[in-house]
Amino acid sequence: MIDQNMKQSVLENFEKVFGKREGIKTYFAPGRVNLIGEHTDYNGGHVFPCALTIGTYAAVAKRDDRVVQFYSVNQDRFGVYGVNLDDIDTINDQAGWTNYPIGVIWAFAGRGMKLDKGFDMVINGNIPNGSGLSSSASLEVLTGFILRDLYGFDVTNQDIALIGQYSENNYNGCNCGIMDQFASAMGKENNAIFLDTADLSYEYAPIKLDGAKIVIANTNKKHKLTDSQYNARRSMCEEALAILQKTVDIKGLGDLSIEEFEAHKDVLTDPDMQKKAKHAVYENQRTIEAVKALKAGDIEHFGELMRQSHESLRDDYDVTGVELDTLAEEAWKIPGVIGSRMTGGGFGGCTVSIVKDEAVEDFKRIVGENYLKKIGYEATFYTVEIGGGPQEI
Ligand code: ADP
Ligand code: MG
């Protein structure tokens, strides 16, 4: 479901910023929401995200020299940023958001896929940035898809996801797992992706929500310390894994069943570390169970597991905060809410809820009012649809 106004806006802005040109091409790559399986993707566990119909749009045309130039309609105050392809070896703080697409170009070059000539690119997105719906991954996947299309590189959509993750890890300095880029690059309309991050095996699962909708609620929280907190959780899980590996033969925390974890957990003598590992193990098992429930048509049980997921992220993994907790806890009180949980990295960002059609208006109104009362500013609500992967439009 391509938004023609968004397509028009990148084309018009391209002409305004870079002038009239022959052969301008337009593209889209989606954001994503993770239904369950949070902070499992860097622990060799399962995730269950789906691509959304909201995402990032681009208008692009090649240049005759070795310059790449970028402009974002969303961040118009940043203006146009240009750089020579020979000067992108290290991240430049002055380059702002353009470090995402530049990081992808850098990562392609590192795999031997070098650009001969540059390009001009205008983007516009309808994903709220920094809200856990992966606007950054959609921008990376969009860039990778464009590079393949314009320069004829031989990469699959899965490669584009891996290159996007590599650049976010090694260029932009966020140690994210593979989920976000994979969900964007491999998205399929009306399907969620049941992905085992241990070996990247995956399966599409149709989401047939008869009489219910997926509703996202944005905390609108500013000033989160997402990257540092995220990286800290990740290193604690890596430490826990290294300790557990002395007694059990595992490659990731996702290899442990709940029984195995309970039998061996005492080797994790730091109680905080034990809680973090517990979340990774239990959340992985919950995700497997949730997909089974969905396949069996037991959406109520899926919803109950969403709630358990949030509680574990709140009590053990400690990544929610009062804003996300208020949204989820207020949602659980409303009849017709099948399930609700924080989604994405946490500390702010969004919750995802499955809400019966007849309860959607009540959900938005009551959760919205109670959130405002408690937090002092408004949450934003969006009813979303599951969309396809990156495409030329
Ligand atoms: P999330 O991926 O959850 O949206 P991140 O903090 O990982 O949050 O990524 C958000 C960043 O991605 C923005 O701060 C910006 O640098 C970049 N970005 C995403 N979409 C756009 C856009 N349309 N225009 C400019 N920058 C964007
Ligand atoms: Mg991101």
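Glycine is no exception: its Cβ is also placed from the backbone N, Cα and C atoms.
Because TrEMBL annotations are produced automatically, they should be read as predictions rather than curated entries.
According to TrEMBL, the residue from Y230, Y371, Y377 that belongs to the substrate site alongside E38, H39, T40, D41 is Y230. Close to ligand 1, meaning a Cβ under 6 Å from one of its atoms, are these of the binding-site residues S72, G130, S135, S136, E168: S72, G130, S135, S136. Close contacts with ligand 2, defined as a Cβ under 6 Å from any of its atoms, occur at S136 among the binding-site residues T40, D41, G132, L133, S136. Geometry remark: Y230 (substrate binding site) versus S136 (ATP binding site), CA distance 15 Å. DSSP assigns S135 (ATP binding site) to a helix in the three-state reduction.
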